[in-house]
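Straight from Swiss-Prot, the features:
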BINDING   F22, A56, F57, E58, A80, V81, I82, F113  5-amino-6-(D-ribitylamino)uracil binding site
BINDING   S85, T86, R127  (2S)-2-hydroxy-3-oxobutyl phosphate binding site
ACT_SITE  H88  active site, proton donor
Amino acid sequence: MRVYEGNLISEGKKYGIVVGRFNEFIGSKLLSGALDALKRHGVKEDEIEISWVPGAFEIPLVAKKMAKTKKYDSVICLGAVIKGSTAHFDYVSSEVSKGIANVSLDTEVPVIFGVLTTDNIEQAIERAGTKAGNKGYEAAVTAIEMANLLSEI
């Protein structure tokens, strides 16, 4: 029996990162966490490319453009959608989630969901490096594992 499982050491792999600028205070913390994880797992600076987009809604399109180039072994999507007093949150978070999943399935490149969808700013801050860890860091570790796993299969 053969079992496939990605490891967490990155050698010679390239990573694209897409970051939403809206709620930049949170996005920049997620990006810092992702970069920290990538570097700790052996990724060199010249193996990372970052694209900033206006907001979370634009993330799937740029992620798809990056994935279709086949330059990247994985694409990491980072940002924050924080609930307000209107239904806007529901529409944006739903479409971003579906869009990122579809990019991964359509391109067969791991596209990792590191977009926070929270009820308030406090929850976002907790998930961007305080009480609840850094979801950007976690997304980058997932990207490494998935890039390695797909290269094995």
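Placement of Cβ uses the backbone N, Cα and C atoms for every residue, glycine included.
Of S85, H88, R127, all annotated as recorded positions, the residue with the shortest Cα distance to A56 (5-amino-6-(D-ribitylamino)uracil binding site) is H88. Among the recorded positions listed (S85, T86, H88, R127), H88 has its Cα nearest to the Cα of F57 (5-amino-6-(D-ribitylamino)uracil binding site). Take the binding-site residues A56, A80, V81, I82: by the count of other Cβ atoms within 10 Å of each Cβ, the lowest one is I82. In the three-state DSSP scheme, T86 ((2S)-2-hydroxy-3-oxobutyl phosphate binding site) falls into the coil class. For E58 (5-amino-6-(D-ribitylamino)uracil binding site), the Cβ neighbour count at a 10 Å cut-off comes to 19, with all displayed protein chains included. Cα spacing between F22 (5-amino-6-(D-ribitylamino)uracil binding site) and the residue listed as 'active site, proton donor': 14 Å, rounded to the nearest whole number. Here T86 ((2S)-2-hydroxy-3-oxobutyl phosphate binding site) is compared against the binding-site residues E58, A80, F113, and the shortest C-alpha distance is to A80.
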